[in-house]
């Protein structure tokens, strides 16, 4: 009865007197025909237009009086319904009357009505030139296209059953439940009373079918399809409606690109704020519920309501937040172990033999680290840096590097399982993307050449193989050129460091003069960060240009190509300086008396006497903190400022009281549109952070902790932005995170290689190990404790005769301030023979032992970790066993339920026929 009463017709008022009732199949244009005339719609259908006001017209008033329902008045006032208070607004189109694309809009809107959609127009309250087109899909249209789009809808309640367990297991579970009774309730779980009962999660679903409509659970046809699904169906229709004669003149996207419409978006479900408490009065709408349970800062420690996010924003955005939440959760063990490594360094600092020797080496004079202006210095002056280096480079570093390589694999493998569970719960297992439409740019470029599409069997534009290859070569050349630009920027930073270290060494302030190398590193990192941010703007434009030059066929191909380019550009831009410091700084400087120089002029920069690791830690710490702070500001601060400025202008022009009474479409239009590239910026930020967290984690164990703290904030920032600052994005479906998963796997492989090189080349782990087993007091005893490191500092330093300095390298002072007489010898970090050896300054045998040990460590470390990674990948199945069993059981139960429902229907029909005196032979069953 409910279905028939809903679909019988729509009432309309003619001249304020007569009501007309028609079947819906013939009534798709009745409301408009009564208002504007059937035969000749006026320009842009302006007769549909109601000037912006908050009071209804006389026709609306008479219609509401005839209805006599208070609910319609409420619906009408909240800005989510048509003027009759019955038809919910499913989609909004916005255009300007001054726009010249009038004819295209006329044809497009006429065809929209022919498809069965209902339409109203409203002028803006703030600008009479702006027109809002409100669209509503009746039940028949929703049912028709839901069947075409294979929208899965609930049709039977799920049957939960318990696995058969042994008595012993039951006893254990009872004991565990008793123990849990003494513990406090899980604080991170959301209150179930607050969240609505999402029916589709408790029901079996099947593709909607109008022929089998009696199988589905339909309590109310108005709410059977949720708002996100309704908007998705309307958008599907709009993408297939013609606006001009011609096979390619079709779809809303083309009208948005050519300026016929200014914006198109679904409406938010009302305000996200309420005067009443959600605990006492409940949520006003799903947007209010999301704000209170997800986007509010007070719930930062709670789990995300992913089912509600999916219902409001769609599966694609829901999957992003599911991945972000999973990544954040997996960072907890990594952050804990990294903090443990750091604290281990703090607790063992007082027992570290190497830092003790550095701090007590008052009689060891180090050679100057730059030409002329840098003075001789005592090794003990770098005591603080030696202690800080030990905090990050200690006995637990190698274990942490192996742990993080394994962690990255476990994270990706368990995400596969988590994604499979989400895909099952959200009915994405059997979902396949529709055949994508060809991009208008591709059609315009290759419209003269056509070939048959093997899927649709229709002719479509075709790009020749030679043309495609030539464009890819040009694009690859552009990528290579931009990477060269990055390398040039790094080269500029290197020159800055080389020149500035001498400038700071001659600085007037003693604080900077005595810490010239740290000042050089700090300022270089800040300048590098500024260059990174400036080049990112350039890279976006270049990536856009190169992607359009390639002429991808579909939007997904365009998105994947653009994503790969932007990731390559930004990854190289962000990490190039870090790679230089980790693997090149201080490696190719030569030795005193024979320094290697840039362009035979600038002496290459040396590492600090305590090692290069402190420079790498500073680089990573500063870049990571600044980058995350800047990203968070741009993500939330920019939309906040833009929306604040819009609200300020509205208050000045119309007053604060008038703004509060704006309809929902006006409020949403004044919000910021979602990024043109969708979730690209959100994913890119997190993927780059994942790279920072894994690639150089051996040098900076606190990186996972910083990433964890940032992500806890990031989840709520993104949630707040989606709920309050952006227009509601179209709910779209996706099975996974797309190309980003492959990028994550590539980063995981790269992290194994880089961490192996960081431990072997950048840190002093291998030289210490070689000294302990081969040259130290415990040589040949198989021990490597702190007592075996006695004398390591002296053994790692070589001797240089001061008189062998080049003229341009000779320091301004002669070192007489240390001993009262000019220095004859100074020390430097390397394994070289003394000046009076048969081959002066030649490599010692210890150098070759250390080099061989480094190469052996890299090979063993990489093979061991890769074997562990592949073993873990093999042992962890992509689909959990219980999920596989649930899927099989659900398939079986669905078949049984369909059979029983069909049987019940046929039996009911048979009884009705007998009751009416009609009988047929050979009936079944």
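Each position is counted from 1, following the chain as shown.
Glycine is treated like the rest: Cβ placed from N, Cα and C.
Features reported for this protein in TrEMBL:
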- 40-77: region 'Disordered' (REGION)
- 81-306: domain 'Anoctamin dimerisation' (DOMAIN)
- 309-890: domain 'Anoctamin transmembrane' (DOMAIN)
- 320-346: transmembrane segment (TRANSMEM)
- 396-415: transmembrane segment (TRANSMEM)
- 472-498: transmembrane segment (TRANSMEM)
- 518-539: transmembrane segment (TRANSMEM)
- 567-588: transmembrane segment (TRANSMEM)
- 687-709: transmembrane segment (TRANSMEM)
- 737-761: transmembrane segment (TRANSMEM)
- 889-923: coiled coil (COILED)
Handout entry: Two-stretch contact, the transmembrane segment (320-346) and the transmembrane segment (472-498), at least three Cβ pairs under 8 Å
Key = no
Practice task
Quick one: find which recorded stretch in 396-415, 518-539, 567-588, 687-709 has the most Cβ pairs under 8 Å with the transmembrane segment (472-498).
Solution key: 567-588
Problem - Other parts of the chain folded back onto the transmembrane segment (396-415), taken as Cβ under 8 Å at six or more residues beyond its ends - result: 323, 326-327, 330, 333-334, 337-338, 340-341, 344-345, 693-694, 697-698, 701, 704, 741, 744-745, 747-748, 751-752, 755-756, 758-759, 763, 765, 861, 864-865, 868-869, 872-873, 876, 878
Handout entry: Tertiary contacts of the transmembrane segment (518-539), as residues 6+ beyond its ends and Cβ separation under 8 Å
Key = 385, 482, 485-486, 489, 492-493, 496-497, 500-501, 504, 512, 566, 569-570, 573-574, 577, 605, 608, 615, 618-619, 622-623, 626-627, 630
